[in-house]
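Structure record follows, encoded as structure tokens.
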Amino acid sequence: MKIGLSGERRADIQGLRGFCLVSVVFFHVWPQKFVNGYIGVDIFFLISGYLITNILSAKQCINLEVLADFYKRRFKRIVPMYALTLLVSVSFATWLFTDRLINTMRHKLPWVAAFAMNIGNLLDTKDYWTAVNEIQLFTHLWSLGLEIQFYLLVPVLLLAERYFSVKTSAPTFLFPLALSLVSLILFLVTGEIFSFNTILTRLWQFLSAKVISDIAKYAKEKLYARMCESDDLKKIGLQDCINAIICLALASIVILLSLTPDYTIHPVTLRLSTLAAMSFVLIAGNKPFTRAKIFELPILTFLGDISYVAYLVHWPIIAFTKFYFDVTVFGVFEGSFVLILSLLVASAVHFHLERPSLFWPFPLSTTVVIVAYALCALAFTPLLYRVRHEVFIPESVWASESYLWNNHLDQHWKSEHKNRTLFAGCVNDTSGKHIIGKTFLKMEKNSHCIVHGNPASNLDILMVGNSFAGFSAPHFHDIAAGRYRSLRGIIQKGCSFLQPLSQRCQQYRDAVFKLADVTRPALIIVSMRTYAPQMGPIVENDPALAEMKEIFDKLSTYARFVVVDDAYPAARVPSSVPTSLLKRARFNQSIADLKQDYKAYSSRFRHYFDRVKHFNYSNIVRLETGKLMFNGSDVFTWYNPHNGHSRYCDDYHLSNEAFEILRPQWKTRLDDMFNALERAGIR
């Protein structure tokens, strides 16, 4: 067996690769179950860094000839299979996916083709943990981007290490150790998306084993010199036995940590301990006797052999399975199907394509990559779009109208919502911003404005909340039309108004309190999505309950009435309700299950409702929006059964079809409040 450019390849490293594959794939298939499985990717980085640095460090001179040979071999090993996987995935996706998913794929493809998916992720607001649960073909390729970027960087690092060592006469491990420490510090202190996706913050994982190996060699040389002087040599056999036992113990612990269901450990603790343990296993394994024998099991070494192809193909298989079967979370059956299919496809590709491709002439490998990339680009031509529409639009008038309506909603709701103001006629709220004063809070476009209404009125309204407020605001504006003097809106997406979990959300809530305290509106409308902290079981000295009480105490003193628009039911689909409706229309699948019964809804929100019962404010009124959406029925369908239009824009933001149910009921309740305010002289 060979490794890298030359030399013997160790079976235990192949087995370690196989374990990493199992760990990562289990995490991707059942992310809620195998929550520590992501550590497999970190170990992949560790292995790559250890092997590649050893390969190049063994060269007396890292010149252009050495680098050309190194990169040629890396290219043949990685890029042809990568390009062919992209081609097959894109080909299937352009016929299976909806237009929105295809457009998302098209925007990401240039990053993917350039092995820069991790850099593209920096421009996205979603983190990896959110993306794992969505339908995206290229989510997993961020790690290969980091691998390639490390390959480009490592010759520079090794040359700098040699230069530093020669100029300073310092031990060779000092330079990579310093780099690793800087990288680790950046990983710990920078934001999650940046620390997750950049080579600068991941470099310590690639270099960990090299640094530990260099330190061990340096210490051994010093110790060996002293032992020769004292003529007091230790028994090597005993040390080998101890190392073998330690390796087996460390390997077993890491396997258990990674693959134990429903067991969570802090990510930083897991990463540091695992990479330290696996570094020891890699270094000790230089002697055959001290290798972790568990990683030399034939099944693990086989999985290690197919690990690259299996890693490439398993995620598209997951995405296609989620899309076709319309599931968000895999059960045992669906997950097992994905595992078996991934294993079969990876094995076939490995034996019939990957292994032969290693012996292709370099011009042939290059040609395959160019052709594959060109065909990927052709998949997004306007002609193919027209053909898809002609094939997939249903024949009946009702079905075709529904298909086109849902397709438009699926593609354009985000841009349309982003570009519209909160209320018709809403203008920049200069007076409100002056009240709030200087703050580091960054408000998104159209998220803070004011509209002036009836000058004869003395009724002021303040609307606050997260992204749900942005959707409900136009409807509350229409209901209140002609009654208010001013209607001011200030919203912040992604913030739980009841329990801010970040500095940004805390600053937003403080700004709202300051604005409400100064303006003293007659009516405050809080429109929000209910987040996890308020929906968990109540505990002793419950922090969520305490936060809610603090907020309700303040709001109740700032306004005559506080309207709480909350507890929206969410759909349970892998991408969005419009996507599910489009897919099912295309494949003539039933949509009868796209619904939620009131009993299940009540059960999901029961802990939130229990918290709300603790408060008894005479001027705080809950609209009970979730209950209103059922409109007296035991079932709420996620689409309008009369025209097939989706009642959701995605899986939790409502479309106008749903607001048609809510508006008349909201109007009845708000009219009662307006009448009460009028009796108090506020009209």
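Glycine is no exception: its Cβ is also placed from the backbone N, Cα and C atoms.
Feature list (source: TrEMBL):
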{"type": "DOMAIN", "residues": "11-348", "note": "domain 'Acyltransferase 3'"}
{"type": "DOMAIN", "residues": "446-667", "note": "domain 'SGNH'"}
{"type": "TRANSMEM", "residues": "12-31", "note": "transmembrane segment"}
{"type": "TRANSMEM", "residues": "37-57", "note": "transmembrane segment"}
{"type": "TRANSMEM", "residues": "78-97", "note": "transmembrane segment"}
{"type": "TRANSMEM", "residues": "141-160", "note": "transmembrane segment"}
{"type": "TRANSMEM", "residues": "172-191", "note": "transmembrane segment"}
{"type": "TRANSMEM", "residues": "241-259", "note": "transmembrane segment"}
{"type": "TRANSMEM", "residues": "265-285", "note": "transmembrane segment"}
{"type": "TRANSMEM", "residues": "297-317", "note": "transmembrane segment"}
{"type": "TRANSMEM", "residues": "323-346", "note": "transmembrane segment"}
{"type": "TRANSMEM", "residues": "358-385", "note": "transmembrane segment"}
Using a Cβ cut-off under 8 Å, which residues of the same chain at least 6 positions beyond either end of the transmembrane segment (12-31) come close to it? 1, 3, 37-41, 43-44, 47, 51, 129, 132-133, 140, 255, 258-259, 278, 281-282, 285, 291-297, 299-307, 310-311, 314-315, 318, 330, 335, 338-339, 342
Out of 141-160, 172-191, 265-285, 297-317, which stretch has the largest tally of CB pairs under 8 angstroms to the transmembrane segment (323-346)? 297-317
Sequence-remote contacts (6 or more beyond its ends) of the transmembrane segment (37-57), Cβ cut-off under 8 Å? 3-7, 13, 16-17, 19-28, 31, 66, 70, 143, 146-147, 150-151, 154-155, 158, 202, 205-210, 213, 254, 257-259, 270-271, 274-275, 278-279, 282
